[in-house]
Amino acid sequence: MIEFKDVTKTFTSKDGDLTAVSDVNLNIDDGEIYGIVGYSGAGKSTLTRMLNGLETPTSGEIDINGDQITALSGIELRKKRQKIGMIFQHFNLLWSRTVIQNIMFPLEVAGMSRKARQEKAQHLVDLVGLTGREHSYPSELSGGQKQRVGIARALANDPEILISDEATSALDPQTTDEVLDLLLEINKKMNLSIVLITHEMHAIRKICDHVAVMDDGKVVEQGTVFNVFRNPKQEITKRFVSEEVDPALTDTNRIVEDLIKSYPDGTIVQLVFHGDQAKLPIVSEMIHEFPKLQVSIIEGSIHQTQEGSIGSLYLQITGNKESMDGALDLLKKMRVETEVIHRD
Amino acid sequence: MTSGSYFAFKTVDWANMSAATWETIWMTIVSMIAVAILGVLLGLLLFETTASENIWVKVLNAVVSFLVNVFRSIPFIILIMLLLPITKNLVGTIIGPTAALPSLIVSAAPFYARMVELAFHEIDRGVIEAAESMGATGWQIVYKVLLPESMPALVSGATVTTISLIGYTAMAGAIGAGGLGNLAYIDGFQANNNTIVLVATVIIVIIVFAFQFIGDFLVRRIDKRTL
Ligand SMILES: Nc1ncnc2c1ncn2[C@@H]1O[C@H](COP(=O)(O)OP(=O)(O)OP(=O)(O)O)[C@@H](O)[C@H]1O
Ligand SMILES: [Mg+2]
């Protein structure tokens, strides 16, 4: 359990004070993946750097499993840091060390014997899928592989928490997904709490349980990923969510207009999924029941969250009125929010 | 005797030449070992005291930095004269290879310290921070991160420093410190024997090339940044 209580961090410099984190209260439960999202400069890194004492709060208190971080002495803090793994956007590996030597670094710091270090590091190499590359140098690895080394290194001392600060921001979409999958797998396997900082809603949606949205040092919205996605309250959250759920909303409108022109006799229907329909095969059910209908998909963006699917789907349906009405009834029965956009 | 000729090799006393060569190499290596140790310590001190909030640390940084700059700007030949009394106290004599050591070290250590400081500053902050976040102590960061991560720069800096030290030994030699510089000056220049000057020059060039070669080789061996 991680608790931020009224945490504020103000940097003092010649040009005046800057409050990077302002009055933050957050609780992060054991074993969950907690996302923190916000634009550049929102204070995400500063907030999480206070978790392992890389920054000290100006006021407020941070507890990790009952230990108040700011009250720890130098030695105690270093011991605690061994139990807080951290991965970084630019990986921050030592280029002078091989993969396995990088992973052994935290074990050396913890004072583990050479033999035990070797064994543990090899086990971690296997865990992150780098078997066979243990004697490569970082310069010989791809970005995704480097981040795998970073993850293995962060896990070396069996941490209670893993902090990921924009760990996928330097990676391409596919590699990002691979790394996120690995994080999720580790979270499940080890019941490890993960604090995931990102500016990509995609990452939040894919693996997080809870999310906090930060803006200008403050947490402006927090809750389960599912609720925040379904019902964003703040303007900034809406912006983040819309970027993700419907990246081409204006495009869709244009397509719809075009289709209305091309198929004046067709009906265009928007289906909105809130997750509770779970995994019903809605479209195929509809075609099965009303074989006379022609159904084509115009545009869609459906996402699987940890709790169900969210998103919307635009269908163009042509056929006789009877089948059409029946189909719309069926959709209602299946509790899909249906909006008829154009009907003759 | 063909005085003035560069090629009267019969006039060269090869035993003397070889003794002088070893004196030069000895002065270079011994002073370089001391310079490396002092330079790394001073460079580390400069690095660790930069950007501190503490007023006393700031003062320490300013003082050391000032001294380093002062000793770096004193011409070597003048530094020898300046250090004569200290050398006499320390070594007991102002003649011979050992007497050259204090001035060699004092002149090259600040030079190398700046290179060391620069090499440490070139290490990615993120890597040092990663080590901190893993719970490393200050000393662990020094010998597990700063030194290994800057090793190519430290070695190439040491190579450059060694080569300028070879130049200094020749200068020191001219005023009595022994070695090839001394030989070239006494038996060559003063005896009007250009052959000896030429041979001493060639040997010095070979020594410089050898150190450069070894340095470059080592840098290539330890630099894993681009493979
Ligand atoms: N050591 C520091 N000294 C002064 N100001 C700082 C320091 N660290 C961060 N800041 C300021 O605090 C604010 C928050 O920075 P922070 O790095 O936490 O943002 P972030 O949300 O992580 O942004 P990004 O997405 O770009 O990483 C910024 O305005 C930054 O300039
Ligand atoms: Mg950041």
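Using the three backbone atoms N, Cα and C, a Cβ is placed for every residue, glycine included.
The domain 'ABC transmembrane type-1' annotation in TrEMBL covers B:21-215.
Remote same-chain partners of the transmembrane segment (B:25-47), defined as residues 6 or more beyond its termini with a Cβ less than 8 Å from a stretch Cβ, comprise 60-61, 64-65, 68, 97, 100-101, 104-105, 108-117, 119-121, 142, 146-147, 154, 158, 161-162, 165-166, 169, 172, 177-179, 207, 211. Residues or ranges marked as transmembrane segment in TrEMBL: B:25-47 (among others).
Per TrEMBL, transmembrane segment is recorded for B:59-84 (among others).
Taken from TrEMBL, the feature transmembrane segment covers B:90-113 (among others).
For the transmembrane segment (B:153-176), same-chain residues at least 6 beyond its ends with a Cβ under 8 Å from one of its own Cβ atoms are 24, 27-28, 31-32, 35-36, 39-40, 76-77, 80, 94-96, 99-100, 103-104, 107-108, 111-112, 115-116, 118-119, 122, 147, 182-185, 204, 207-208, 211-212, 214-216, 218-219, 222. If you look up TrEMBL, you'll see B:153-176 (among others) marked as transmembrane segment.
Summarising the annotation, TrEMBL assigns transmembrane segment to B:196-219 (among others). Residues 6-7, 9, 11-12, 17, 20-21, 24-25, 28, 152, 155-156, 158-159, 162-163, 166, 170, 180-181, 183-184, 187-189 of the same chain sit 6 or more residues outside the transmembrane segment (B:196-219) yet have a Cβ under 8 Å from a Cβ within it.
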